[in-house]
Amino acid sequence: MAQVSINSDYSEWASSTDAGERARLLQSPCVDVVPKSEGEASPGDPDSGTTSTLGAVFIVVNACLGAGLLNFPAAFSTAGGVAAGIALQMGMLVFIISGLVILAYCSQASNERTYQEVVWAVCGKLTGVLCEVAIAVYTFGTCIAFLIIIGDQQDKIIAVMSKEPDGASGSPWYTDRKFTISLTAFLFILPLSIPKEIGFQKYASFLSVVGTWYVTAIIIIKYIWPDKEMRPGDILTRPASWMAVFNAMPTICFGFQCHVSSVPVFNSMRQPEVKTWGGVVTAAMVIALAVYMGTGICGFLTFGAAVDPDVLRSYPSEDVAVAVARAFIILSVLTSYPILHFCGRAVVEGLWLRYKGMPVEEDVGRERRRRVLQTLVWFLLTLLLALFIPDIGKVISVIGGLAACFIFI
């Protein structure tokens, strides 16, 4: 089976937060005309699992948690308050866990090792291709959201450094949002996105995970001991309508979506059994639920209906602890964009080579040129869209809808 390889030493990612491992979970390794058959699997397969049960729990948690937690307070506001937000998350958790278990069962029954290959085997060629296109669009949209998040956090950091209100007229050109996003993207994101392998980001990726937990802790602390100048808006206690509750679903789906990466995680386990996997995903979802619920409840109760779609934008610019949280989020996004781009690029590469009917081994000579071209086009398109779509809520509603497809369909 021809593969687009990232890390060949699977012993390195038994319970790691390695960026290369995270990318492998989403990539599309199958570029042949049809998926592999059951007969190709062998007990001595070098891809045999090495991940412990505890390691699998942490990998799934890591796949869930990310910059999406910044939108959960706004999701609680959209849903109509704390009770509606909690009820929606608890109800969806049943479908999320069930879907993860069903995917593991289908993977075992079809003897396939990635989400895309399982869809190919179970649903056929057309649905498999549609699935890969959906993954490419999802990763593309998520990259746009990441660039918007960078702009949101930089606006606040620049405001406190220049001692001027956010968006004040007459500000120097070099503090303009479009310029700062573009400069950061060209200096950091583009160079990290071009390489064929991205395993070197493992340490920065670990810091981004720590930063995610730090952000949640700060939001909870700021709710318990709020600053005097922070005044909450209206605290909703019930949804305006049932439609309002469902409008919060894309954000929650975006936060909990780890289904695409779940199949490789299941197959990486030392004992990939559906019953064991059920315990793994239940534990992982409970941990993720605690983080998202703490962020959502405390962020919503701190600002009420006035909460920003990006909750960190609601805090004062000069708050040092929140400024550190913004720096962590920027770091998280700077390392996550190349990972998501790699995943999308791998899917596009697989679709292209399958369309050409050309195995990877016969096209190595053109790989570098094609990779650079794909990266530049992807990068420039996401940057342009991020510059002219400043509202992250609109992007989340679209990619959250795709996340719901991965969860429910």
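Heads up, the Cβ atoms here are built off N, Cα and C, so glycines get one too.
Quick look at what TrEMBL lists:
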type: DOMAIN; residues: 50-407; note: domain 'Amino acid transporter transmembrane'
type: TRANSMEM; residues: 54-76; note: transmembrane segment
type: TRANSMEM; residues: 82-106; note: transmembrane segment
type: TRANSMEM; residues: 118-151; note: transmembrane segment
type: TRANSMEM; residues: 179-194; note: transmembrane segment
type: TRANSMEM; residues: 206-225; note: transmembrane segment
type: TRANSMEM; residues: 245-266; note: transmembrane segment
type: TRANSMEM; residues: 278-303; note: transmembrane segment
type: TRANSMEM; residues: 323-348; note: transmembrane segment
type: TRANSMEM; residues: 376-408; note: transmembrane segment
Within-chain partners of the transmembrane segment (206-225) [C-beta distance under 8 Å, separation at least 6 from its ends]: 17, 62, 65-67, 69-70, 73, 291, 294-295, 298-299, 301-302, 311-312, 315, 321-322, 324-325, 327-329, 331-332, 335-336
Listed stretch, out of 118-151, 179-194, 245-266, 278-303, 376-408, that has the most CB pairs under 8 angstroms to the transmembrane segment (54-76): 278-303
Range from 118-151, 179-194, 376-408 with most C-beta pairs under 8 A to the transmembrane segment (245-266): 376-408
For the transmembrane segment (179-194), sequence-distant contacts whose Cβ falls under 8 Å of one of its Cβ atoms, 6 or more beyond its ends: 147, 150-151, 154-155, 158, 173, 201, 330, 334-335, 337-338, 341-342, 371-372, 375, 378-379, 383, 386-387
